[in-house]
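One structure is given here, and the rest of the page talks about it.
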Amino acid sequence: MRTFSFKIDPLTGEEYYEVYARGRQLLNDPHLNKASAFTPEERATLGLDGLLRSAVTDLDAQVDRAYEAFQHKPDDLEKYIFLVALQDRSEVIFYKLVTDHLKEMVPIVYTPTVGTACLQMSNIQRRFRGIYITPENIGHIDQVLQNITLPQVSLIVVTDGERILGLGDLGSDGMGIPVGKVSLYVAAGGLHPHVCLPVCLDVGTNNQRLLDDPFYLGYRQPRLRGEAYERMVETFVMAVKRHFPDALLQWEDFGKGTAFKNLERYRDRILSFNDDIQGTGSTAIAALMTAMRIKQHRFSDERYMIVGMGQAGTGIAMNILAALEAEGLSREDAASRIFAIDMQGLLVDDDPALDAPQRPFAQRRAAVSGWTLEAPGRIGMMDVVRNARPTVLVGVTAQTGLFSEQVLREVGQATDRPIVFALSNPTSKCEATPEQVWKATDGKGLVATGSPFPPMEWNGRILRSSQCNNMYIFPGVGLGALVAKASKVTDGMLLAASRAISGMVTPEQEAQGLMLPPMEDIRRASTEVAFAVARQAREEGLGRLADDAELRLLIEKAQWTPHFVPYRAG
Ligand SMILES: O=C([O-])CC(=O)C(=O)O
Ligand SMILES: [Mg+2]
């Protein structure tokens, strides 16, 4: 049942909510609760008399008070728990706090702390957010979607929890990730919290720790697989299409096998994209575009080693391939510059075990048959480093410290400015810290990581690493696609997003080694991405036919900043 409607006073043009909820119900609804900021008039007319303490404060004072309490929390997990509890009390106070202190808050509500939280979700969770769909309730999915109390659903982030960050299968404890992504859609992208829905497809888990944990709150079964799984996803997607035909669906942290399938199966059928394949791939290529400017190189001047051909590795490899082809290289010539390593070692074209996403990135056997190997057989990372002498290193393996000092040193000798992307999340899974890269390369490495790291002083200079995280892409892509009323998210739209992000990096930032805008600029970055995406959608004939100025205005109008709207009793 609706608890309020958004209205505009025809006489004054004032925006307000006509509120049907009263008293405790109002205070218990995080979308409506203003807590001590309810005005005396609202208190009198909405049944709040006596339910609040005497003082009437404004939003700024509420945020100051919350920030003070936040700072007293002893560690990051406690800070996370505090912020989630605040969000459960009042979305507006929560988002105002997060946007006012973005740099400090993002690593708590998002990567890396959200990873720590997901590892203990069943123990720390107080209230549930979003919706959980299981093999038991998928049969009445229409009822489930009717239980959503949001006034409108425009944006859905969905996971099945199989590959949460670099932490693996966390079942529905992984719901922390869609919740965290939604926080960035609002704080960075500017979407209204009333239109964003986190969803967990709780199909069970193969994580024995969770299955054995008496406190685990998820669907306590081994993962649903095969046709039954695919049927469930199809039923979900069709229900989304029926109930929220204009919404954008973001696929998040699925396992590799299902992620590629879902993306291909649905990318032309509904407005959707995969954050881990396309979002991470687009952010990485944006950072590489900047790196080429810094080095005054073309993509074809570099040799690329990608370790870990999961979703991120494959997405990045596809974008590098496209960038090389855009410089005029043939597909074959372009692919020969990419050395992709997965479980079996370097991907080589005579390996019968290659899967479809790996195949375009396999080296020709003839190209590597003359290599000197550490041991015959499998071609390992060190063999590639020694023989191919890569100048760009991308790690997406969830293997902590994989890029050893020796690897980094050798790459440092292959080029003036080695480019090292150690992208696994959270911090505990990083392949190499920026400090390790700089120490091994005499401060010359251009470094990006998935989780944030502090800068470092080196011979009197400040060196900075970039947080190459899909947070630079997804909020703006979602906003831009929605504002443009695009029917799908295309590769062209994602490329436009990457160009916009790279274009924001200033020469001063480049001089410090930054390849992406600093995190403090994430809101502006999202606006630029949204504009680039909407414009590209128009160029491709998939979006609104508005001119650039109109698109800018539409985006500006769509972006919400946290504030309270006056309430009138309805
Ligand atoms: O959530 C993040 O920080 C980036 C991401 O999508 C992942 O690591 O799966
Ligand atoms: Mg992800």
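Please read every residue number as a count from 1 along the shown chain.
Note that Cβ sites are derived from N, Cα and C of the backbone, with glycine treated the same way.
Predicted automatically and left uncurated, TrEMBL annotations should be read as such.
Since the structure is predicted, the reported quantities are computational estimates derived from the model, not experimental observations.
What TrEMBL lists as active site, proton donor is TYR110. Within the same chain, residues at least 6 positions away in sequence whose Cβ sits under 8 Å from that of TYR110 (active site, proton donor) are GLY180, LYS181, SER183, LEU184, MET471. Secondary structure from DSSP puts TYR110 (active site, proton donor) in coil.
According to TrEMBL, the active site, proton acceptor annotation covers LYS181. In the three-state DSSP reading, LYS181 (active site, proton acceptor) counts as helix.
Taken from TrEMBL, the feature (S)-malate binding site applies to ARG163, ASN425, ASN469. Residue environment of ARG163 ((S)-malate binding site) contains 24 other Cβ atoms, counted within 10 Å of its Cβ in all protein chains.
The divalent metal cation binding site annotation in TrEMBL covers GLU252, ASP253, ASP276. Cβ contacts within 10 Å of GLU252 (divalent metal cation binding site), excluding its own Cβ and spanning all protein chains shown: 27. Under DSSP, GLU252 (divalent metal cation binding site) is assigned to coil, being neither helix nor strand in the three-state scheme.
For the domain 'Malic enzyme N-terminal' (87-267), the model gives a mean pLDDT of 97. Residues or ranges marked as domain 'Malic enzyme N-terminal' in TrEMBL: 87-267.
TrEMBL lists 277-538 with the feature domain 'Malic enzyme NAD-binding'.
Cβ neighbour count for ASP276 (divalent metal cation binding site) (all protein chains, 10 Å cutoff from its Cβ): 25. Of the chain residues outside the divalent metal cation site list GLU252, ASP253, ASP276, THR159, ARG163, ILE164, ILE177, TRP251, PHE254, ALA259, ASN274, ASP275, GLN311 have their Cβ within 8 Å of the site's Cβ mean position. Here the Cα atom of ASP276 (divalent metal cation binding site) is found 10 Å from that of ASN469 ((S)-malate binding site). Listed in sequence order, the residues of the same chain lying 6 or more apart from ASN469 ((S)-malate binding site) and placing their CB within less than 8 Å of its CB are THR111, THR280, THR283, ASN425, GLY450, SER451. Across the fold, the C-alpha of ASP253 (divalent metal cation binding site) and the C-alpha of ARG163 ((S)-malate binding site) stand 5 Å from each other. Candidate recorded positions: LYS181, ASP253, ASN425, ASN469. Those with a Cβ under 6 Å from ligand 1, in sequence order, are ASP253, ASN425, ASN469.
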